[in-house]
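Heads up: the structure comes next, in structure tokens.
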Amino acid sequence: MLHGVALKPAKSRKSSTLSGTVRIPGDKSISHRSFMFGGLASGETRITGLLEGEDVINTGKAMQAMGARIEKLGAEWIIHGTGNGALLAPEAPLDFGNAGTGCRLTMGLVGVYDFESTFVGDASLSRRPMGRVLDPLRDMGVQVRSSEGDRLPVTLYGPRTPNPIVYRVPMASAQVKSAVLLAGLNTPGVTTVIEPIMTRDHTEKMLQGFGAELSVETDGNGVRTIRLEGRGRLTGQRIDVPGDPSSTAFPLVAALLVPGSDVTIENVLMNPTRTGLILTLQEMGANIEVLNPRSAGGEDVADLRVRASELKGVTVPAERAPFMIDEYPVLAVASAFAEGTTTMLGLEELRVKESDRLTATATGLKLNGVDCDEGRDTLVVRGRPGGKGYGNPAGGAVETHLDHRIAMSFLVMGLVSEHEVTVDDASIITTSFPEFMDLMTGLGARIDGLAGEAA
Ligand code: S3P
């Protein structure tokens, strides 16, 4: 037992041709922000295409606990927000489960309020560093009580008048950038975030859509300065959430690897801060056709036709890491089947995800026969096209450490390995992609849960 819930192992087996057309559930980052900004804005927000994974639902519950009214009518989520600056003190600790984004962004959103809020989460979230968000909040005048090393549980108490800060984000993190901006929403004056390395820009775009006075300036070196005028009015919006490119990665890599496959994935978010994996796979020789590119709700969206391809190893530069940060485990799986060596650089942030993803990926690859080396912030994979000898015939299970993306990546690996690949827990997949099993098996993937449950 890792999280008080019995683990649910699963395994995948060599599959023949994957084919069909699928629609991926809504983007997780945009779904979290839709609940948050809708819950905060004046008037009504209507959301379609929302990701109904556990992570996002926890964010919705937190917004309800702070005064937002949220209901689902047919396919639409309808939110009546409190109005900016008018969140209510939550009566009980806010439980974010497995979700770093929900927790860290909400800490920014409510931490500056002149009342107490407490944040808790599961075993994975409770291991993750919160200091990266708590430090700028302290600068704004927030009192913090936290467990050792700035871990959860965390209790925040904001000042009567928060202090607008100029904050240079010390690591490439959209969560940290967003937490400071959201704190700025209830802070008088201009809060400024300097972002030396660009990360996903959903917070900036969506806040502008809700009517915030927010400007972005980019200098000749790509350093972005984001200025937000605090205590302005936000107005409810209509949002159609596009499909999650990070979830798309799993059927996409599976279709590339399983010989003869031809899969179309519809309505995928193509925001350039999220398409690093597609670019990398194309450099590796992947046949990914971008069809019907269009703009929807201020975001680029397209359909992707993916056909099985012979891949070759490449070097993935460190600068690309922020644009494909959640996709390295599944890229590592793709690399294991490529001709030659793939070298991934600049991976230090992988160590503070739902698991230490660098170690979890390298350990899982080795367990299943892949030749790879884990460095401090690098991963080198020497591929073997065809996957002969891959998998673990003894049934040794990949340890997922409560990390949904580790579970899904290794289940993709089993579809092209000579022997079965087993993961110790598939239940965690529901945090981001509840439809994963059905969608993959619908395409022809041989994945199943194991009878009996491991302790
Ligand atoms: C996210 C930012 C990224 C990403 C996470 C979602 C967001 O985290 O890994 O899955 O929605 O802002 P970091 O900001 O820690 O890189």
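The backbone N, Cα and C atoms fix where each Cβ goes, glycine too.
DSSP assigns D326 (active site, proton acceptor) to a helix. Cβ environment of D326 (active site, proton acceptor): S246, A249, K353, R405 lie under 8 Å away, each six or more residues apart in the same chain. Annotation source TrEMBL lists active site, proton acceptor at D326.
Under the heading phosphoenolpyruvate binding site, TrEMBL lists K28, G100, R128, Q175, R357, R405. The Cβ neighbour count for G100 (phosphoenolpyruvate binding site), using a 10 Å radius and every protein chain shown, is 21.
Per TrEMBL, 3-phosphoshikimate binding site is recorded for K28, S29, R33, S173, Q175, D326, K353. Reduced to three states, the DSSP call for S173 (3-phosphoshikimate binding site) is coil. Cβ neighbours of S173 (3-phosphoshikimate binding site) (same chain, under 8 Å, six or more residues apart in sequence): R132, T199, E349.
Annotation source TrEMBL lists domain 'Enolpyruvate transferase' at 14-438.
Under the heading region 'Disordered', TrEMBL lists 1-23.
For the domain 'Enolpyruvate transferase' (14-438), the model's pLDDT averages out at 98.
A sphere of 10 angstroms centred on the C-beta of K353 (3-phosphoshikimate binding site) encloses 21 other C-beta atoms. Taking a Cβ cut-off of under 6 Å from any atom of ligand 1, the binding-site residues R128, S173, Q175 reduce to S173, Q175. A Cα-Cα distance of 11 Å separates Q175 (phosphoenolpyruvate binding site) from R33 (3-phosphoshikimate binding site). By neighbour count, meaning other C-beta atoms within 10 Å, the densest spot among the binding-site residues K28, R33, R128, R405 is R405.
Secondary structure at G100 (phosphoenolpyruvate binding site), taken from DSSP and collapsed to helix, strand or coil, is helix. Remark: S29 (3-phosphoshikimate binding site) has T101, A174, R200, H202 as non-local neighbours, by Cβ distance under 8 Å and separation of at least 6 in sequence. The Cβ of R357 (phosphoenolpyruvate binding site) has Y328, P329, L350, R351, D403, R405, I406 as same-chain neighbours under 8 Å, each 6 or more residues away in sequence.
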